[in-house]
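According to TrEMBL, the features are:
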SIGNAL    1-21  signal peptide
DOMAIN    26-103  domain 'Inhibitor I9'
DOMAIN    126-554  domain 'Peptidase S8/S53'
ACT_SITE  D135  active site, charge relay system
ACT_SITE  H188  active site, charge relay system
DOMAIN    359-430  domain 'PA'
ACT_SITE  S512  active site, charge relay system
DOMAIN    624-725  domain 'Subtilisin-like protease fibronectin type-III'
Amino acid sequence: MLPTIGFVLLLTCTIFSNTKATQLKTYIVHLSSPEAQPRDIEEWYNSFLLKVASGSNEEPKMVYAYRHVITGFAAKMSADQAEMMENLTGVLSVRPEAVHQLHTTRSPYFLGLRQNSGLWKDSNYGKGIIIGLLDTGITPEHPSFDDYGVPAPPSTWKGKCEVAGCNNKLIGMRSFINGSSPIDEHGHGTHTSSTAAGNLVDNANVFGSGNGTASGMAPLAHLAMYRICDSDGCGGSAILAGMDAAIEDGVNVISFSISGPNNPFYDDSMAVAAFTAIQKGIFVSCSAGNMGPLSESVQNTAPWILTVGASTIDRRFRTSVLLGNKMLLHGESLNQTKDSDHKLRHLVYPVKDGELSAWCNEGSLDHIDVKGKVVLCDVGKTRNVEMGKVVKNAGGAAMIIANDIYSGESIAAEPYVLLASFVGYKEGVEIKKYLNSTSSPVATILCGGTVVGLKSDPEVAVFSSRGPHFVSPGILKPDIIGPGVDILAAWRESIDNKTGTKATFNVIRGTSMSCPHLAGISALLKRAHPDWSPAAIKSALMTTASQVNRNGDPIVDERGLPADIFAIGSGHVNPPKAHEPGLVFDIQPDDYIPYLCGLGYTPKQIEIIIKKRVTCSITIPEAQLNYPSFAVTLKRGESKRYTRTVTNVGPANSSYSIRDISVPKGVHIEVVVHNDQELSFKEVQQKKTYEVTFSRDIKDKNQNGLYGQGHMTWVSGKYTVRTPFSFKFE
């Protein structure tokens, strides 16, 4: 079961004293950009509120006045006032703020980051780059945020600290939760911050497990925290306010481990805010969501955002179940009890007393004799850690948790209060077979400690959200996957597993964890290549991603199924290769205008996103955007032609030819380079354009509504530039 790391409740950003005011809702108001910049932006915004205040007993209240992220403001208004506001001249849109939810000692090594090598060479480590995180806050006194070896922030930094605790590592702390400080009360923001750019901390572990040197991806980068969430959730108005401040403060990279409804981009606070960021040259990394393995569940799908799915790393916190028939089945737990007697004990499975008993809910074992026995529980509605408390309180000596068929082999290492092992679905089936084979079943749990170097990783986390998506189906999402399972990173306070041991680190999972991995890696790339645009950094990450595990086999899903293109996107991040991509697919902010026009958005809707007036004199199909992947819909007998333009960021004199190309049966591809069969360059930053034509046989037997996938790869010596394809057959 996926641990609870997020909330889906509305965040109230402003507190009012009278009853009528508390009945007002927060609305986000987008205004048309004025021809001349107002002398006082807040006064101009308030003039709109005054126009809807007359004749009403409920006076509207300004919540946030935005200066960068949108032309507009957030205000508390009644529904009637919001309707009046939307009809005012100069108002583009009035919408209620949306509900949003929150979505490592080993992972740097797993990703190929080594001291004095590659992106960690020549004291890079992200030095001088500022990563802004919009999250639940941060714990400034944690050793991961010590500034040893971190230089002073660049002179471009304009941010501030609202509470004590800042230094050269943690250079900004601000809160956009009314009445709350930027101090983390949840843990999520502390964990994501240290994953992105935590400093090196020796002997980091959780109850002795995973012991090693903890480090963020960019350990010498600066951090700025913008608290926009609390235990009740994250409001759209606070998201915009945090992003507005981050842009003004001067961050270089933004990490958003948050998601909301899949609305059109002009009605998506995160998409609108992220576009303003990329206009300012700021890279934005977002989590793909934790709704996998459902298809069409991916979130944060705007093409100017890096959308990150989650994968496993090559580490397990192993506890193994030894059955009376000598079968050994591996599982996981953070509680690695050293003084276990390894004694085979009676094995109890309380399913005969009903499903609730098998879920080991509170009170379900009160009338079952489990004293001194090993209890088998099924994953259910109760959190795994709580199951452990129920079993211990009932007198159980140890616990086995068997996963359900839906989650398969996706298991989590958690801090149980007793000796325990969380095993996959297949292992659970074997245990139940053994139970049915004997009248005296026995078992014990063996602690295997921290196991590293597993060759089957990375695998796609079962919870990682999948494509395709329908906000813009001509853009393939997610873009990439990165470590998001059992990630060890900083925590807001010492956690206690009720055995007397405490830890200031915690192990959790989610695309919330993979997102800051990519944010930190992007900071390394920004430091190494300061002239690269956000789109160029994104391209470098995607075209160099890997599609195989450490054993050289295709990446699979944790359920043991092949991981398709809608699970991995371009593949698994490969930082050393991303450092030297050879070619990049660059996109400038204004290049998105014909793309947005092609989505059918009106000029007013596009103005909400790009903050200037436009005319849709030019439109392009989605797949024509200069993206590092293709998502193409084909009917039988249909052909579609697109272009791509690549920029040479490798050696000046170089030539690229296609060495690897794959499409589904019944689909054909033709690649044409103007006046040449290769992409030949004589200068760095030189651009070349080529055409790609996809066609489908008129008698193709692929069923309509199904999907296919493929790829092509340009190669020049050590440089490989891979472009994945997804196909929908209509």
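Note: Cβ is positioned from N, Cα and C throughout, glycine not excepted.
Mapped onto this structure are the features recorded in TrEMBL.
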residue	record	Cβ neighbours (10 Å)
D135	active site, charge relay system	29
H188	active site, charge relay system	27
S512	active site, charge relay system	31
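On a Cα basis, D135 (active site, charge relay system) lies 7 Å away from H188 (active site, charge relay system). A gap of 10 Å separates the Cα atoms of S512 (active site, charge relay system) and D135 (active site, charge relay system). The helix, strand and coil residue counts that DSSP assigns across the domain 'PA' (359-430) are 16 helix, 15 strand, 41 coil. Averaged over the domain 'Inhibitor I9' (26-103), the predicted model has a pLDDT of 89.
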